[in-house]
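Undergrad: The structure follows.
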């Protein structure tokens, strides 16, 4: 019975991952990241991702405030923020976010405020989406760990 | 205007062209008119000259004839004076005179007649009349009235006898003449008048006859005194001139008039018609001197007809004009054509530029699209893999597997298209890294082993010993080429073999020699005619398209190698001196071959031999074109020989760099799958009836360090063993006997002898050689049989690979334990070994990146510290520090990676200088400070790499860490600088 639950959880996680890959939200880097998980840091992925979310929220806030500024001139600063955003999202393999950042940067390089605003909205949307999905994934994984833990004695 | 492309003069003046033409035509018209005028003027001058010369000629002749006549009359005058007056009595009478004059008239052809008139005074008239018996008459035949003087004709030529007794003085003209002649004493002419008798115009010539001799200078009175009479002659000018002109050529052409112009206001005509029409425009006057100074005469000539139009001049001018017109038109046409051609050319150029742009765009589009397709495909494949991991019903699994296979095929195709596009766009760059060619070939073979086994094909590889163990080049691309060719061969071959051969094409000449040699004595001694068909000495015995791979030449190759091995080390040294090595690779199959008509377009992309090929065998036909491109990129050429229904042999050459010895040892560990060395010194006998196959087997065994002998069949092998067994142990004692399946089957009775051999050896207490069966594919029944026949030890399934053979041998000989952990030498464990215990600093402003990098490095056992900015890093790296390496992000706010590195290097330099100072003072020297700094960057284009090196970094890793990259970057430092301070 427990085995079935574990299997279902695994299938769920796989389905979710497949969905994320399919939609181009994540890429291989995320899988690589998962491989870095070992006994010493079993929650490595979620840890990193949480850092990423934390950073990202800060960056998004900054970007929004920059864009909302009345005499708007912070394209340069925005570029730096975006570079950071891009760096961290490509590290965790958040492909769609990275692409959104590309678009954002292109818009900022063209000094188009409307474009920037559009890009920012897209970015925020993507970010929220990813955040929800990843949380979902981590939850499933957590349950899997629990299930596996519960299953362990049965095997012996 | 300057931007316009190089228009020629003609192009620049295209609007002027018709005007130029018009101008030309006008100029030419003017010119031809001028020519016509000039020629016409010439003609006129010539005509005038002709006229004047003719006129002069006529005038001179007329004058001469006239003067001849005058002279003669003069002579007559003297005759009369001599014989009539000086003699007494007179010696002349009328009869004499008439006869004489008649007989000499030919002398005076111009004179119609001559007569002598005696001067008679009135006082003497009566006496005179009496004497002659007639009265003096006037011109009108009337008795003369009384006058002072008379001049009656007394003698006359017969032609003019009618004037006898006529008084010449009675005619106005004659009288005047007589008086003048008397006064001057010379010949005197009358003005022209109608002569008596004939009605021709004529003049009368009168000479005075003197009765006594004159003094030397007589006065007029003395002359008159002495004059006795007058001799007269009538010149018939008209007939004279007529005769004269009749004698001359060109008589018809000109019109001659002769005038007496004594009275300058009234010209009296002597000859010709007064109002005769002729060419009035042109006339010539010649003066005539008839010997009478008182009278002047003139001849006027003109042409009968007007000057004819000068056809020559007209034609010449016209032709000239026409020619010039044509020339002008031709030039115009040419110019127009040039303009048109240039226009077309420019248009073409533009089109070409557009076409090229379109081509580039196409390639880029292909590359982009392929890339874009690849990305989701990766997702699909990854997910399919995940899906297959889940619990699926068998149907579902089947579906998923099918999808995965299809996806893989698709991604292969996409990769090929991408490659092709990349090559076309010139974006494909080849790497130059050391690699082991043999192991790559083994890999490729293993890739196709399953398929070939299923088809029952022999698949074998042979690499000549002269091919260096490690070469510099692009292993991936080389593998791609081989995979393509072998894949094709496998696809199109149903029986026989596929044979990959690599050698160094150094001396083709001995090959030829060998060939001719075998041609001379070939075939017979081996009895190669086996019932059924021709047995060919190839790998599988099937005929191959290219005979070069047959045993004859192959044998020679091996022989040459053996020779070279023996020869000397010099050769090798010489070989290694050169920087590159050219390899000749051939892939031979015995497949369906390529139809002759399709052989031309084999290397054209998307062209398969015929459309049925893709139906029967699948594929897009892009593989060979990519292969060709790759081979050419590698500096080689590809060609093939193919005979339909016999097979094809593709051979290509590539140029690889030689590996430097120093780096060889490093890279070998990393790249090559290491073959176990535990078999060194073992001895083996290979039993195989086919020499090529035996050679291949031998090659693989040799790579393992096994000494090999080849026996043609079981019996020979057995006897070899037997001899070894029986004789003393100095001879080779085989540890292993490898028997080819065919040999075993053909000599099944030989199994008995093998058994016997076993027994014998057992009897002699020798170690039993292991028996191994080599087989391409074998049924279970056969396998059982083989086991029964003594091949209990193992069966090696072909295609042979050194590593597989090694594994089998290990299994058989039990030598496996000798190399513990050999197979562990790749993957993360290597990195682990390299990085284990190292202290590494990771500098990145991005927390996530930092965390990931740290995680990755920690996984390899390194101790990681992090810094979030260049400044922090500098602080941590104040000397002395204990870090072994530093990974530095390039893009950081405040102080970027380049700047930080520069500062670190500066610090190190200072410290080193100080330290050098110290060492001079005698303190123990330590290694110089040099912290390996590796850039971390997301974009790995070369410019960035160069900049990294410029500011003192030692290398770079691309940002999402990949194990392999990390390994390559790190290996340099921790290998070449072994344990300096740990």
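Cβ from N, Cα, C; glycine included.
Any TrEMBL annotation is an automated prediction that lacks curation.
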Undergrad: Tell me which range among B:289-310, B:311-332, B:333-354 TrEMBL lists as transmembrane segment.
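TA: In TrEMBL, residues B:311-332 carry the label transmembrane segment.
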Undergrad: With TrEMBL as the source, identify the stretch among B:2-19, B:20-37 annotated transmembrane segment.
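TA: In TrEMBL, the transmembrane segment feature sits at B:20-37.
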Undergrad: Which whole-number mean pLDDT does the model give the domain 'Histidine kinase' (B:368-658)?
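TA: Across the domain 'Histidine kinase' (B:368-658), the average pLDDT comes out at 73.
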Undergrad: So if I measure Cβ to Cβ from residue B:889 (4-aspartylphosphate) and keep only same-chain residues at least 6 apart in sequence, which ones fall under 8 Å?
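TA: Counting only residues 6 or more apart in sequence, the Cβ neighbours of residue B:889 (4-aspartylphosphate) under 8 Å are B:843, B:844, B:845, B:846, B:849, B:897, B:935, B:936, B:937.
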